[in-house]
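The GTP 1 binding site feature in Swiss-Prot is assigned to 9-16, 56-60, 118-121; the stated evidence is sequence analysis. Annotated GTP 2 binding site per Swiss-Prot: 214-221, 261-265, 326-329, in sequence order, evidence recorded as sequence analysis. According to Swiss-Prot, the domain 'EngA-type G 1' annotation covers 3-166. The feature domain 'EngA-type G 2' is assigned by Swiss-Prot to 208-381. The annotation domain 'KH-like' is assigned in Swiss-Prot to 382-466.
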Amino acid sequence: MIPVVALVGRPNVGKSTLFNRLTHTRDALVADFPGLTRDRKYGRAEVEGNEFIIVDTGGIDGTEDGVETRMAGQSLLAIEEADIVLFMVDARAGLMPADLGIAQHLRNRQKATFLVANKTDGMDPDMAAADFYSLGLGDVHPIAASHGRGVAQLIEHVLVPFVGEKPEEVELTEEEANAAYWAEQEGETLEGAEEEPEDDFNPQDLPIKLAIVGRPNVGKSTLTNRILGEDRVVVYDMPGTTRDSIYIPMVRDEREYVLIDTAGVRKRGKVTETVEKFSVIKTLQAIEDANVVLLVVDAREGISDQDLSLLGFILNSGRSLVIVVNKWDGMSEEDRDHVKEMLDLRLGFVDFARIHFISALHGSGVGNLFVSVLEAYECATRRVNTSMLTKIMQMAADDHQPPLVRGRRVKLKYAHAGGYNPPIVVIHGNQVTDLSDSYKRYLMNYFRRSLKVMGTPIRIQFKEGENPFAGKRNLLTPNQMRKRKRLMSHLKKG
C-alpha cells in the first residue's frame, strides 16, 4: 500500500516548504475537508517510481496549550496514520522546549521517525545539527528546503530505503518498437516484435478493484450496502491492509470485483445514512489501490470545491472514473435541470467520464453503474499494437498538420503503447517535445475518439529521435577532398 509521510514540528520551521518540494506543487491536491484543521494539507509525491502521500500537519506549539492538547487533535491522527514521520526543527532558532516535548511524544509512538534540521543555508551543516542529537532520535538530516539543498539526500536516505528495490519493468525499447512497426508495414514476420509477453496477460482474469469515494454524507455507505444487497454473491468480508478500509470480494453477472469500502465497518443490512468519520488518508489510499473509482456527489449540494480537489487526485493517479450523482429522487424537474447545467459547467474537463443519476436509498439507477465500470476498466486495460497506434497518429497529422517550430515542421515518426491503466501512447519524432499544448490536446482527443476510450484518462508522451550525426565531424568524400585541394592551390596562386 502507498506509504504515508507526515511532516511534524513547531510552526514556521519550513514544513510547507518541504511539502511543496516533495510534491512539486504550490498547494495540496486535497485540502479543507470537514473535520480537518485548515492548515492540514495532503499531496502526492513520486520518488524513483515509488508513490507517497505527504501530509503537512501544521504547526504544533508546545508552549501555548501544551503538547498533549495540540497533538491530541488532527496532527496526532496524522502521526498515527503515517508510516514515516519527518520531525522538522529550525537550525537557526536552535533547540526549543517545544521540540523536546514533541520528540518525547514521537518516541512514545514508536514510529519510523527521522529528524530533519531545516534552514541550514549559510551555515555549517554539522554545526547546525549538533544540538539536536540530544533529542535521542538518531541521525540529524540537515537541509535547506527553500533552496532544495539536502532534500535529494534526505529522500535517498529516508524514503527510498523504506520501499526497497522496485522490480525492474520489462519495456519495449525504441528500436524494438520501430522494428516491429516496419516489419508489420512490410508484411514481414519479426520474431519477438509482437510484444509476446503481454499476450499472456488477460485483465479479464483479475477481479476489478472498485473504490467508492466522496465527501461525508453523500451516500457512500448507503450505496455500498445497496450494491451488496442486490443480486450478487458476497464471498466474505476481508479486512484490507489500508487503515480502516474494508476489502469486500463480490461477484456480479459472473464477474469478480473487490469493493474497497472507505466508509468504515457496518452491518450488511443497515442502509441508514450516518455521519461518517472522513479520513483523507483512507480515501487517497483507496484511490491509489483501485482500478475504477466511483466518485459520489450529492445532487442537492452540487459540485463543491472539495469534490473538484478529490477529482484532481483521481486524475493525477490515472484511475478510471465514473461519476455518481446521488439523492436524485424527490428533486423537481427545475432543480434537476439546474444540477445538470452546473455539472456541464464544472466538469467539462472530464468529459470522458460517464455520469449516473441515482438514488442509493431506493436503488434506482444503481444497476447501470456496472455497465460504465466494465467499460472504463476494459478501455483502461485494452492492448493496442504499434501498427494501429502509428496509423492513428498519421491520420491525425494528415487531418491537422503539426505546427512549425523554429521554421521547421515537426515530424511524427511512429507511436507505440507505453503502459496501461491508464493507457499511455508514446510518440517518437523530431522536435515533438516542442509541440504546443493545444496540439498535444488535439492528439490526445484524436486518439481517444479513434480508440473509443471512455471512462479513463489517456496520456500522451513524446520522445525525441536521436540525431545519428550528433557529435560527429563532417568528413569530406574523396571527390570533395580533390575539389578542396584544387581550390586551395588556386587561391595560393592568386
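Yeah, the Cβs are placed from backbone N, Cα and C, and that goes for glycine too.
Here the binding-site residues are Asn12, Thr57, Asn217, Thr262; the one with the fewest Cβ atoms within 10 Å of its Cβ is Asn12. Classification of Lys220 (GTP 2 binding site) by DSSP places it within a helix. For the pair Trp328 (GTP 2 binding site) and Thr57 (GTP 1 binding site), the Cα-Cα distance reads 37 Å.
Note on the domain 'KH-like' (382-466): its mean pLDDT in the predicted model is 89.
In the three-state DSSP assignment, the secondary structure recorded for Lys15 (GTP 1 binding site) is helix. Lys15 (GTP 1 binding site) and Asn217 (GTP 2 binding site) have their C-alpha atoms 32 Å apart, to the nearest angstrom. Rounded to the nearest whole angstrom, the C-alpha distance between Gly9 (GTP 1 binding site) and Asn217 (GTP 2 binding site) is 33. On the backbone, the CA of Asn217 (GTP 2 binding site) and the CA of Thr57 (GTP 1 binding site) stand 25 Å apart.
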